[in-house]
Amino acid sequence: MNSSRFWLWTASLATYAFLYIPLAVVVLFSFNDSVLNAEWVGFTTRWYTKLLHDDDMLHAAANSLLIALVSSSVSTLLGAMAGLSMHRYRPRWLPFLVLTPVAMPEILLGVSLLLFFRQVLDLSLGLFSILAAHITFSIGFVAVIVRARLAGMDESIFEAARDLGATPWATFRRVTLPLIMPALVAGFLMAFTLSIDDFVITFFVAGVGVNTLPLQIYSMIKVAITPEVNAVSTLLMALTLTLILVASRLAPDVLKARQ
Amino acid sequence: MSAPRSQPAGLTKWIVTLPPTLFLLAFFLVPALIVVVAGFRETGEFGGLAPIDSLAALTLDAYRFLGGDVIYLEIFARSFLVAALTTLLCIVLAYPLAWLIARSPRQRRDFLVLLVILPFASNFLVRIYAWIMLLGPVNLLYTPFAVIVGMVYAHLPFMVLPLYTNLEKHDPALLEAAQDLGANAWTRFWRVTFPLSLPGIFSGSALVFIPVLGMFAVPELLGGTGDILIGNLIKEQFLENRDWPLGSALSIMLTACVLALAGLTAWASKRGLHGTEAVS
């Protein structure tokens, strides 16, 4: 191994360590039998048991799951439509509408929706405002994944279907839909993890009534740091990790879409 | 026969295009425009905005207020400084990694990319929280250092991915040619690889710089009281002071900065591409 290769590997391994050590510490200390996060005392699973009896946490988790399930379903449908439209009909305004919410700082979407719901619709904040916000920022991710999948396909398949007399609907159902199915599943999983993880936008549109897992973690970190946070963080990590892995298996473009 | 076929095709276009368009008009474009209007309104009696019947009473108060205090200028300047430093550190850390991945055997590349993404699959707050745990015991928490570390940690993959995508496309023949012409490893990097990678650096920088500008959670949880950024200021106006016109004016100014940066990046990467044409 020559010296430039050696340094390349050293620098890269250091960066990988920088990425992984903090998370490894969180996971490790979630099994630490001490109320303090300072030193290792012994192995325990009591923080996980404690989570199971923490009503606030369970409530927040149930809200997060419900919101993620509904918002990712709707945004998969709308995002797939947007992706199809951008690929086939190329309306000029659609990329702007679909991609800008993804590209701008989250706080801007958060405050604009807060203003909109409170000042214009005079709506009390809660499930509906969170759902609408999550769908808004997820559509773009799904659309990008679906469009990438369509762009990689041979147009002659659709022409062949039409030449064989298939109606547009039949072409869609029998040809397009099966072909973009992996992208739809990947888009759904991506939207699901984005929703279950979102803190910034949810923070502005949640109001006082509805709590989600990230909001719950935020208030716990702000007040006092307990090993329970390690445990819920570890569980959340395991869940999103699994979803991302499955999504990236189904559609490698997911990795690029998350940029 | 072709006429009835084109008829449903036109209909299909609208069936597919309208739902996402209408949804995003309602929940993205209209709220964005409302922020613009709100920046020219007065504060209501109980905070928020003055009632809607006084729509004609537009005022520049919020902007006058912003211009009247140098503290706001300082916070904007600090936000840009933090964003610039974060971007620079991300470039330094991401470059070797992106290069290593780009020059790895094909079957190993996806795995190495996945290793960069995976920490990102954990919740954003968990990643900040991890640094509270690490920096607390060594007395580095609530310092500007902690803010920068948190920012770099939260945004590093945004730099690695576009840079890797760029480096992967380089033709190895260019480096071989440079070597044949007697360039050493250092010269080959600075005269061939680096200029060719500028478009990747530009798009990565936009993906890091822009979100850092609006971030409020990292300064709030890792920084001290003197480390607040534009994001904290906006959050404070909307949720604590309930001065929505001021918060909106600040949001508009942040949006203007973001748009200017996006324009600059597009222009720079175009120029970067022209530059690479000259090289190749």
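Including glycine, each Cβ sits where the backbone N, Cα and C put it.
Positions annotated as domain 'ABC transmembrane type-1' by TrEMBL: A:61-247.
Same-chain residues lying 6+ beyond the ends of the transmembrane segment (A:7-31) with a Cβ under 8 Å from its Cβ atoms: 1, 37, 40, 43-45, 47-48, 227, 230-231, 233-234, 237. Residues annotated as transmembrane segment in TrEMBL: A:7-31 (among others).
Residues or ranges marked as transmembrane segment by TrEMBL: A:60-84 (among others).
Outside the transmembrane segment (A:96-117), and at least 6 residues removed from its termini, the chain residues within Cβ reach (under 8 Å) are 79, 82, 86, 123, 125, 129, 132-133, 136-137, 139-141, 143-144, 198, 200-201, 203-205. Taken from TrEMBL, the feature transmembrane segment covers A:96-117 (among others).
Long-range contacts of the transmembrane segment (A:123-146) within the same chain, counting only residues at least 6 positions beyond its ends with a Cβ under 8 Å from a Cβ of the stretch, are 63, 66-68, 70-72, 74-76, 78-80, 82-84, 86-87, 98-99, 101-102, 106, 109-110, 113-114, 117, 180, 183-184, 186-188, 190-191, 194-195, 198, 201-202, 205-210, 212, 251, 253-254, 256-258. Residues or ranges marked as transmembrane segment by TrEMBL: A:123-146 (among others).
Remote same-chain partners of the transmembrane segment (A:175-193), defined as residues 6 or more beyond its termini with a Cβ less than 8 Å from a stretch Cβ, comprise 68-69, 71-73, 75-76, 79-80, 83-84, 134, 138, 141-142, 145-146, 148-150, 153, 157-158, 161, 166, 240, 243-244, 246-248, 250-251, 253-254, 257-258. What TrEMBL records for A:175-193 (among others) is transmembrane segment.
If you look up TrEMBL, you'll see A:199-217 (among others) marked as transmembrane segment. Cβ atoms under 8 Å from those of the transmembrane segment (A:199-217) belong to residues 56-57, 59-61, 63-64, 67, 106-107, 109-111, 113-114, 117, 124-127, 129-130, 132-134, 137, 229, 232-233, 236 of the same chain, restricted to positions at least 6 beyond its ends.
Sequence-distant contacts of the transmembrane segment (A:229-251), counting only residues of its own chain at least 6 positions beyond either end whose CB sits under 8 Å from a CB of the stretch, comprise 23, 26-27, 29-30, 32, 37, 47-48, 50-51, 57, 145, 148-149, 182-183, 185-187, 189-190, 192-193, 196-197, 213, 216-217, 220-221. Here TrEMBL flags A:229-251 (among others) as transmembrane segment.
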